[in-house]
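Taken straight from Swiss-Prot:
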SIGNAL    1-25  signal peptide
DOMAIN    26-299  domain 'GH16'
DISULFID  CYS98-CYS268  disulfide bond
ACT_SITE  GLU163  active site, nucleophile
ACT_SITE  ASP165  active site
ACT_SITE  GLU168  active site, proton donor
SITE      ARG260  site 'Important for substrate recognition'
DOMAIN    316-387  domain 'BIG2'
Amino acid sequence: MKPISIVAFPIPAISMLLLSAVSQAASMQPPIAKPGETWILQAKRSDEFNVKDATKWNFQTENYGVWSWKNENATVSNGKLKLTTKRESHQRTFWDGCNQQQVANYPLYYTSGVAKSRATGNYGYYEARIKGASTFPGVSPAFWMYSTIDRSLTKEGDVQYSEIDVVELTQKSAVRESDHDLHNIVVKNGKPTWMRPGSFPQTNHNGYHLPFDPRNDFHTYGVNVTKDKITWYVDGEIVGEKDNLYWHRQMNLTLSQGLRAPHTQWKCNQFYPSANKSAEGFPTSMEVDYVRTWVKVGNNNSAPGEGQSCPNTFVAVNSVQLSAAKQTLRKGQSTTLESTVLPNCATNKKVIYSSSNKNVATVNSAGVVKAKNKGTATITVKTKNKGKIDKLTIAVN
């Protein structure tokens with residue numbers, strides 16, 4: 001179902017057309033549905049992209065790469081979502097994994113577009129119709145889902161993070177090579193351990209040679225996530241399957257375009273800028289015709305926080321986490337803190353920020369820290385429910 005042209009209709013007729021469009025979308029069944037099965041379309045994680053809906057999608061979410069997300073790099077027109085990567089020099093706070101610290105005013109050179117669902121889920125069938133970006137190599141159009149990182153889970157075998165890549169396009173040396181991978185953090189021998197596709201190919205990697213150039217036209221990419229299996233599809237054909245060992249956490253559905261080689265280098269389990277800062281091939285855009293999410297009735301039951309919607313009863317907070325333990329700023333600089341309240345289904349996620357030394361650094365109710373004078377200050381975030389806290393140190397040079 002795509003946009004409906006509405007010209008010179010009276011208001012009641014327009015309303016009927018829109019209601020018909022909504023009804024048509026809701027009644028659709030996924031292509032993998034078998035006779036007798038009932039699947040329900042999840043409206044909060046589905047979109048035909050007739051409008052840019054900021055109530056459904058976050059278009060400027062947290063940064064985690066060597067590019068920065070910008071709201072204006074995500075546009076909707078003619079029934080398509082367009083995510084654009086641009087060559088734009090800028091600075092922001094950057095996590096330096098090799099030195100395990102936040103670095104203020106880190107120089108970066110590219111911006112891009114993202115649409116991250118505000119709603120979360122897990123088990124179900126996910127499908128998007130995507131056309132890749134024209135530039136190759138350099139960017140990777142992606143359709144994926146990922147959870148928060150829950151550092152409070154410390155028992156052996158606990159899964160702190162889950163990520164399912166429905167597809168990542170054009171990030172390898174050959175344009176037709178696609179990745180359909182899994183990532184996770186699991187507690188092993190008492191320590192949180194990243195499991196990446198390169199190090200754990202048996203459980204985490206699926207590679208596929210596409211029978212087409214993904215830059216030239218729209219194709220469908222899908223995944224079916226159940227308690228036991230994860231199965232990937234391209235244009236309705238199965239292209240990979242893995243046992244679902246670790247991917248049971250609530251995840252946000254995401255469409256994005258990331259930067260890749262030759263503009264990036266991978267080290268210390270993250271991307272860093274490379275020496276190549278060329279503007280050639282930029283701006284470049286991926287397009288999304290639609291994204292749809294279904295849950296099968298009667299076969300997707302699970303505990304809250306592991307794939308189903310939150311319960312109607314009150315859910316208490318058990319922890320709050322800041323994205324870093326220490327951050328360095330110069331006098332006059334500011335940064336916005338990112339706090340995660342867990343569990344995801346917690347009813348009251350409101351927090352209060354405070355500073356131990358307002359002469360050094362202040363923090364407002366939105367988590368914006370401003371460096372005042374040289375020294376150190378401890379910033380505390382505290383949940384209104386249960387009073388859970390986390391802290392970070394602000395050092396002002």
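Backbone N, Cα and C define each Cβ position, glycine as well.
Candidate active-site residues: GLU163, ASP165, GLU168. Nearest to CYS268 (disulfide bond) by Cα distance: GLU163.
Helix, strand and coil counts under DSSP for the domain 'BIG2' (316-387) come to 0 helix, 36 strand, 36 coil.
All protein chains considered, the CB of ASP165 (active site) has 23 other CB atoms within 10 Å.
According to DSSP, CYS268 (disulfide bond) is assigned to coil rather than to any helix or strand. Neighbour density for GLU168 (active site, proton donor): within 10 A of its CB lie 21 other CB atoms from the protein chains shown.
If you measure from the Cα atom of GLU163 (active site, nucleophile) to that of ARG260 (site 'Important for substrate recognition'), you get 19 Å. Around the Cβ of ARG260 (site 'Important for substrate recognition'), the number of neighbouring Cβ atoms within 10 Å comes to 21. Sequence-distant neighbours of CYS98 (disulfide bond) (same chain, 6+ apart, CB under 8 A from its CB) are LYS267, CYS268, TYR272.
For the pair the residue listed as 'active site' and ARG260 (site 'Important for substrate recognition'), the Cα-Cα distance reads 16 Å. Cα of the residue listed as 'active site, proton donor' to Cα of ARG260 (site 'Important for substrate recognition'): a distance of 11 Å. Neighbour counts of Cβ atoms within 10 Å were compared for the recorded positions GLU163, CYS268, and the top value is held by GLU163.
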